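S.K.: One structure, as structure tokens, below. Some questions next.
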């Protein structure tokens, strides 16, 4: 079933909308905090800001282990001018192109504790009260989304039962933590407007005795939100070591109630007595784990080509709206050339400017494949020598650098790229959920949700399952859902239309207008994870990225050749019986048809040739079955080509043409005789009827 509503390439990538500059980084620029100038500490050892990020002091000792008094361990030797009142906010906003990279920010700010990324478990979040379970403390996570209907178990914030200043949301960090700030949002809802306008922060070591964060001699009052969605960062006047932290709302939107979503910023502090103090796993791969802006991305890609010049090539497919080049890394044992029989694969990331994880994973993949190829890793060597791999880390570089509404040049460039190269398999990488979707993404008659399978639905489900089942987070049966949709009951895969309709998606365009099969991978609940979480995200997705690429070698492949010249026939149609989706051979006559294991009747034909049929058996192993075809030209086609060249017609062709003309003459004569006999019989019946 190939759906006409989804076939227009003009609406390709309808979701290619960039986001506001504030959404381009995980933690927005501070809108209010207080100056921190040369605070000192009476405890030992000294802890400065950069060392707090690493959890070690300058001389290698562990900070704040002997005296964990929450008001004595502070930051020293670092002056931050972060004062910014609400009246000064507009004056202090900077051009997003001038913002520091996330790596630079990590030297100044502690990372998120993990409410948004779900590293903080529901059991670690408590509240003074809540209206109902759907608005419980576990829903007070930054950027969490609610369903269409209010009142279910998955609403869009924590909301207190009472409207007074005694309400609080508490987070247990499980270990001593240098708390530095709070990010606040209002409630996500299409029916209600609720947010906190001002709040206080309280800290504790035992969850019994609490101390309010102070600004000099007064309790610090932090500015919250003015709308439900814009995140607002408040930095603690004095970064403070504690285990527990509370957000204590003081005022809220007059027509609303006490509701908020939050993230906590804090650096882990080593404590030998802490039973939870074991270090979290990262990655053993020596990769450049940080967020790369456009310039840094280009520099990294260049460094990979210099390290592995024999298997890599960087090329461009066009420019963005702002004139930035769209760079692609090719990885192959013969860069720059399509080899007959070798399938083409692509990963595309960075379609949306604030979905940065895919961009970094693709850059990690470039580095990893280069390094492992040089080490002789046979799995990587096999991928490189048997596959031509194309990696586009940033389809929408403008969206990462700045905010714009729609980016048409990128769309045109990617369409041309998809049509110029005979891609066989692809995936586009997104963020904000944990699920793999497959086409069709567009529903019939624009229904908001409807299962709309393709003719290759079984193989698409296999592709999606391959990625989802090897992703360490998706495959975890105990993981928490990201927002309000439960994908685990579907094994973390879903038909795109059954989730929500997306007219003109990359998946649908690839399937309908090219030979390529493509899925969408939603990589993480957090669209823009902190730099400290990138190694873990790489480990979560590394096996999935590799095993998905290997699926390009499933099914059948071969070359369609001319019987006389032995040359490949371009644009030949390859049809698999009972699969209402045909593909075409590439310029050299080679083709690839992705199929599940089984026996298939395959028919191939081309203009000017007699069709040919073969039965091809696909096995269980991820190795393609070779199914070549030899086509014979029709006599009429041969005659046309000879006459076009002014050549002499061979005797065998003359005999075949004569035999063909005789067959046509006999057939036409037989048809004429049948027609005449029919007319005679009708006249005889009419005569008998008249006599009667």
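Even glycines carry a Cβ here, placed using N, Cα and C.
Just so you know, TrEMBL annotations are computer predictions that nobody has curated.
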S.K.: Which of these ranges is annotated region 'Disordered' in TrEMBL: 649-670, 671-692?
M.R.: 671-692
S.K.: Per DSSP, what is the residue tally for the region 'Disordered' (671-692) in helix, strand and coil?
M.R.: 21 helix, 0 strand, 1 coil
S.K.: Could you give the mean pLDDT over the domain 'Peptidase M14' (290-552), rounded to a whole number?
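M.R.: 92, rounded to a whole number.
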S.K.: In sequence order, which residues at least six apart in the same chain have a CB under 8 Å from the CB of residue 522 (active site, proton donor/acceptor)?
M.R.: 430, 431, 432, 433, 434, 435, 436, 437
